[in-house]
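Student: Could you have a look at this structure, given as C-alpha cells, before my questions?
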Amino acid sequence: MAAAASPPPSPPPAKRPKMSSSSDPEPDAEPTSPSAAGQPRRPRYKRRKVAILLGYCGAGYQGMQKNPGARTIEGDLEEALYQAGAVPEADRAAPRRYDWARAARTDKGVSAAAQVVSGRFYVDPPGFIDRLNAQLAPQIRAYGYVRVTNSFSAKKFCDRRRYLYLLPVFALDPSAHPDREAVMASMGSGTELTKCLECSERGRKVPGVMGREGKLPSPVEGAVVDSHDESGAAQCDPPISNTNAHGELGSSSDEKLDLPVSGDGTKAGNAELGSNGVGDAVPSASADADPSAGNDENKLEATATELKVQGADFEKSNGEEKPPTRSAFSYTDEMKERFNRILKYYVGTHNFHNFTTRTKAEDPAAKRFIISFAADRVVSLDGIEFVRCEVVGQSFMLHQIRKMIGLAVAVMRNCAPESIYDVTFRKDVNLNVPTAPEVGLYLDECMFTSYNKKWKDTHDAVSMEPYCEEAEQFKVKYIFPHIAAMEHKEGAVALWLHSLNHRNYPDFRYMETAGAEAKVGTEVAAGAEANVGADVATGAEANVGAEVATGTETKSRRSACCMH
C-alpha cells in the first residue's frame, strides 16, 4: 500500500522591508501597491550622502548664503529639494538636519558656473535632477550628483576655488572716464582729456547720455562739432563699449557744469571726435604741443577736416542711429605684461585684511593663500571686449576678489602708485580699497583634488568634467549675456570708474603722505637734535664764560690783598 503523500511545505514568510532613515515617505513618488485599506502606499527610499553640482546666474539674488528676508540661491534651492522629494517634511527649512554644506559663498549678484553643495537626500528614484530642475528658476540649473562618503562636506573638502572676473578693456585705459575734478579742470584748457561730461560719481543714470574719449578742439573759428539731439541735450558716444546709460555730472547738491553756448543757442559738448571718431580724426592740441607752432595751412586743413566730420555726423543723424564708436585703446602685450605684474602681487600667503570687511588684521582668518592670478585673454561679449581675469585660491573672504580687482584697476589707471603694494599687506596699515562691481565675477570651478585621490577606488570623483559642456552652455545662455547687458544698459563698470579718484580714496596717496610724514618726522628729529646741540653748546659756553669770569675775579682779589 502506497504511503500517503506529505502536505506541501508552507511558503516562507515574506521579508520585512527595510525602513528608511526617516519615517517620512517621498511626497512626490508614484504609488507601488495598494495597502490593506485600499489606499495607495508611497515608496520608501534610503537617504544618500551626495554632492550636487549646479550653476546659477546671480542676477536678482542677494548672494548664495541663506539670509532671512532676502531672496538667495540657497533659499530657493532648499525649497526645491523639498518639493522634489529629496528632503522630508520634518527636515524642511532645517538644513543642519541633513548635513547641508556649500563649497563657496558668493556675494550679491555674483554668478556661479560650477557650484557644489552636499547633504543627505532621497536621490534613489530616477529622474531626481529633472524633478529638481522643474522646481527651480531657469537661472539655476542642477547638472548632476555624485555619491560621496558619509563624512564628505562640500565646504571642508574643497581644496581650491577658481573665480573669473570679466573686466571691460576700457577700464584699464587711464584716460577713460576721468573723475569730476579732471573734467572741470579740462574745460577750456585744451590739454586734458574730456569725457562723460554728464556723468558723476553718484551713479544717477541718464539714458542716452554718455561721454567719449577726446581732447578739446583747437581754437579754430567756425569748427564746432554739434552733437545734440532735438531736445538740446548733449549726445556723446561711448568710449569703447556700447554703454548708453550714465549719471549726471554733479556733486551732492546736483551742481552741473555750464557748457559753452554754440551759435544756435544750444550748449555744445566739448568732446572732440578724435581717438574714437567716425571717419577722419580731428587734430587737437596735446599736452606737450605748442599751440603757436602750426601755420595757416595747417589750420585750414584742420578746419576742413573738422567740417568734414561734422557733415558726416549730420548725414548720419537724419533718421539713422549712428553706429557706436570704438576707441583705439586695446589690451596690448605691453598692457598685458603690466597688468599681470600687478596681479602677481596677490600670489602667495598674505594678510588680506585690507581686502575685506569686518576682519581685523590680527584675525588669523585674514591670512589667505592665492595660488595664481592672471589675465591673459580677451573675450568679446555683445560687442564689448573683456579681459578675462582668472584667480585660483584655497578660499576667499567677503568682497576679497572684487577689492583685489578694484585696487589693480586703480593702479593701472595711475590713480594709485604700484608701490602701494609694499604696504597693503602690512598689519599696521589700514587702507580704504575700492570694490569693483559684482556683475563681472563668477565662480568657475570648485576642486576636490585630495578627496578624489583618497577615495578614487571606492567613490566617483567630485568633478565638473562630465558636465563641462552643459556648464559652458549655461554660461553662454545666462551668465555672459547678463554681464554684457549690465554694461550696455547700466554701465556698471563705467560708472564705477568715476569713483576712482583721490577725493573718494585718499589712501591712494598713502605712499606720498607716508613719505611726507616720514620726511617731516626726520626734519623734526633733526631740528630737535640741533636745538639740543645748540642748547648744550650755549650752556657749555656760558659755563666756560662763568668760570673765566670767576677766575678773573679771584685773581683780582688776590692782587688787591697783596697791595694792602
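We count from 1, first residue shown onward.
Yeah, the Cβs are placed from backbone N, Cα and C, and that goes for glycine too.
Automatic prediction, not curation, is the source of TrEMBL annotations.
Here's the feature list from TrEMBL:
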COMPBIAS  1-14  compositional bias 'Pro residues'
REGION    1-44  region 'Disordered'
COMPBIAS  19-37  compositional bias 'Low complexity'
ACT_SITE  Asp107  active site, nucleophile
BINDING   Tyr163  substrate binding site
REGION    208-297  region 'Disordered'
COMPBIAS  278-294  compositional bias 'Low complexity'
DOMAIN    343-448  domain 'Pseudouridine synthase I TruA alpha/beta'
Student: Looking only at Cβ atoms, how many others are within 10 Å of the one on Asp107 (active site, nucleophile)?
Tutor: 19
Student: What Cα-Cα separation, expressed in whole Å, is found between the residue listed as 'active site, nucleophile' and Tyr163 (substrate binding site)?
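Tutor: It is 12 Å, counting Cα to Cα.
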Student: With DSSP helix as H/G/I and strand as E/B, how many residues of the domain 'Pseudouridine synthase I TruA alpha/beta' (343-448) fall in helix, strand and coil?
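Tutor: Tallying H, G and I as helix, E and B as strand, the rest coil: 28 helix, 36 strand, 42 coil.
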Student: Around Tyr163 (substrate binding site), how many other CB atoms lie within 10 A of its CB?
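Tutor: Summing over all protein chains shown, Tyr163 (substrate binding site) has 24 other Cβ atoms within 10 Å.
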